[in-house]
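These features come from TrEMBL:
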type	residues	note
TRANSMEM	20-40	transmembrane segment
TRANSMEM	52-70	transmembrane segment
BINDING	Glu111, Asp140	UDP-alpha-D-glucose binding site
ACT_SITE	Asp140	active site
BINDING	Lys282, Asp306	Mn(2+) binding site
ACT_SITE	Asp468	active site
TRANSMEM	543-565	transmembrane segment
TRANSMEM	577-602	transmembrane segment
TRANSMEM	622-648	transmembrane segment
TRANSMEM	669-693	transmembrane segment
TRANSMEM	705-725	transmembrane segment
TRANSMEM	737-753	transmembrane segment
Amino acid sequence: MGDNNGLPLFATKSAKGRILFQLYAILIFVGVCLIFLYRLSHIPRREEAGRWAWIGLFLSELRFSFYWFLTTFVRLNPIYRYTFKDRLSLRYEKFLPSIDIFVCTADPTIEPPAMVINTVLSVMAYDYPPEKLSVYLSDDGGSVLTFYAMLEASRFSKIWLPFCKKFKVEPRSPEAYFRTAVEPLGEPAMAKEWTSIKKLYEDMKKQIETTTKLGRISEEIYQEHKGFKEWTWLASKRDHQTILQILIDGRDPNAMDIEGQPLPTLVYLAREKRPQYHHNFKAGAMNALLRVSSKISNGPIILNVDCDMYSNNSESVRDALCFFMDEEEGQKVGFVQFPQTFENLTKNDVYSSSLNVINENILMEFLPVVYPTIKAELPGLDGNGGPCYIGSGCFHRREILCGRKYSKECKVDWKRLKNREVEESVSVLEETCKVLASCTYEENTQWGKEVSLSLSLSLSLYGCPVEDIVTGLAIQCRGWRSIYFNPERKGFLGVAPATLLQSLVQLKRWSEGDFQIFASRYSPFVMGYKKIPLKLQLSYCYFLLWAANCLATLYYVVVPSLCLLRGISLFPEISNSWVLPFAFVIFVHRAYSLGEFVFFGGTLQGWWNDQRMWLYKRMTSYFFGFLDNILRLFGFSKSAFVITAKVADDDVSQRYKQEIMEFGASSPMFTILATLALLNAFCFIGGMIRVIADVENLVWERFTLQILLCGMLIFINLPIYQGLFLRKDNGSMPTSVTYQSIMFAILACALSLY
């Protein structure tokens, strides 16, 4: 093979077919301008009813159009990356750097140990020299059950890793693989080995799940490892000493699999927690891992994954290294972000969790608002200066997490880079590293505080529910480039929420944290001033302004319907030529949206579910996220980190598979959804009565668009009506929510008529 030293390790290509999108954007822009012209030229006179409702509607439409501008701007220049792993192997196979992998878990009931170890085993089995891999699990639950599962995983890895190499297993999570793989029938010896490994895994899984259900470790198991003695002095998961156990020491010549090949280093860490010290949730856990790993393995590249995001592609490490080790562009790359994708999605994605396509609803606002998600939004950020860090599935340079600014001197000679030799024994390392994970270590230091200064020593900012966004922004402000890479075979697969409330609560946390960043000194316009391009600052605002969208959406959902009930028209008559801009914008935007959704692999029903979730999250998740930020400004609220459950009861899982929307629990979010759904139903009935009673005067012409809007809101809320009145299962709307929502809806209608 010829010399390939001059060839790049990755390629960047711009998206094709952008003329169609640009034409679409221009047409929508013209339509919006005509709508604004209508609004300004037809403002009701002071003595006319509905003047303030009209003005409020116009302000809402201004808000929608501003957000449309942001999202359209992000999407103007998407780029896509392609790697050449063969060139990497030919050039650097003997000089590949060490990789430290961080996995975080926090609660064994919400994140079962059996699921956690599947993620751990999947990253231990990467197609990469095992002696150069070190895997760290941070257990913020301090659970002896999770430690026991890790101990079992360390033993199972001795047969699982060689099995993966021999059978070229994909994915390398045992649970995911055996759930979908078919037993090889070609050779009896292979089939026997395959069956044997599967049985060993199922036995291990059953034993872990049985122990987890019991909630305690048997005396027999307790004697198997010295690490169990650490739990003798553990008061509670919020009050305990540092627990650090090196389960596999990659330096040990005896740490071999059954084929005689070395095993990756495997470390369990439960950092110290005391009631008088704030542990700073995931941010604190990541910073503790950063310090501990620097003492044990100190890999120059760090991958962090959530405990439910198992590796789906054994070559992801090599893909990421193509960006870091490229001779021309690699020195600028600070982190490589893979997309978040999920394996448990239903056919029509009932809760719109797939992050598959950019697409927002227009039914209730008659204005184009594009909803960016993974497949088109992050490539757009990449084209505008680099994607944000989304908290999981991301490869970082260690030095950038230690606050280093980019300069030309940052170029690494990978062929001369040597890993630091650690001579201390396992017992000495365990004791010395415990100090690094103590709750007092960060007192009076820069850890988790100064993220914009070169003296930062922090992976994550404290005091923010989405510290990952700030972390990525801070890295970019130091001059580093970020890369978005979405390979054909997904790098990581996770678990999407299986209930409506889980989904809404997760979105509430994200939107709350994003808006908190926007309103702070960590805003891209403040922290990123003259440090990152303006187009990247604007691109960040798509995420950061999620919560602020709630008010305009709520206005459009409530006010036109109440005005229909009162007989106040807010849109042009159907026979008036001014109705054309509204009809044009609705049709063109919806047609493009549906086509795009189907192009990215969605279904018609999936698209409709996406429209429904667009509405629900703005009326609830974004609203409560916005409200919490306002309350925080007045000192009435504090940031909290809510863990999304990764498992569901059998009946809940069954309804999820059948794509039946889950209500079940009482929640203020459900009260809002049910109240607004009933309000629109009452207003629609009242409006139709008015139209039918005065049909001779062609009243229907004045209210056609309002009736259509109200009718579409009713149609989109059909699952709520079913949950309120028709369903009898445990996933129906709670009786208390039903009574409250009926009362609130009737009260709102009565007040509007008063």
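Using the three backbone atoms N, Cα and C, a Cβ is placed for every residue, glycine included.
Curation does not apply to TrEMBL; its annotations are automatic.
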One should report the C-alpha separation between Asp140 (UDP-alpha-D-glucose binding site) and Lys282 (Mn(2+) binding site), rounded to whole angstrom, as 8
Distant-in-sequence neighbours of the transmembrane segment (543-565), which means Cβ under 8 A and at least six residues beyond its ends: 50, 53, 56-57, 59-61, 63-64, 67, 70, 364-365, 369, 388, 469, 510-512, 514-515, 517-518, 523-524, 571, 615, 618-619, 622-623, 625-626, 629, 676, 679-680, 682-684, 686-687, 703, 706-707, 709-710, 713, 748-749, 752-753
Answer yes if the transmembrane segment (577-602) and the transmembrane segment (20-40) have at least three CB pairs under 8 Å among residue pairs 6 or more apart in sequence, and no otherwise. yes
Sort out for me which stretch, of 20-40, 52-70, 705-725, has the most Cβ pairs below 8 angstroms to the transmembrane segment (737-753). 705-725
Surrounding CB atoms that lie within 10 Å of the CB of Asp140 (UDP-alpha-D-glucose binding site), all protein chains: 25
What is the nearest of the binding-site residues Glu111, Lys282, Asp306 to Asp468 (active site), using the Cα of each? Lys282
Other CB atoms, at most 10 A from the CB of Lys282 (Mn(2+) binding site): 23
Lys282 (Mn(2+) binding site) to Glu111 (UDP-alpha-D-glucose binding site), Cα to Cα, whole Å, comes out at 14
Using a 10 Å radius around each Cβ and counting other Cβ atoms from all shown chains, which of the recorded positions Glu111, Asp306, Asp468 yields the largest count? Glu111
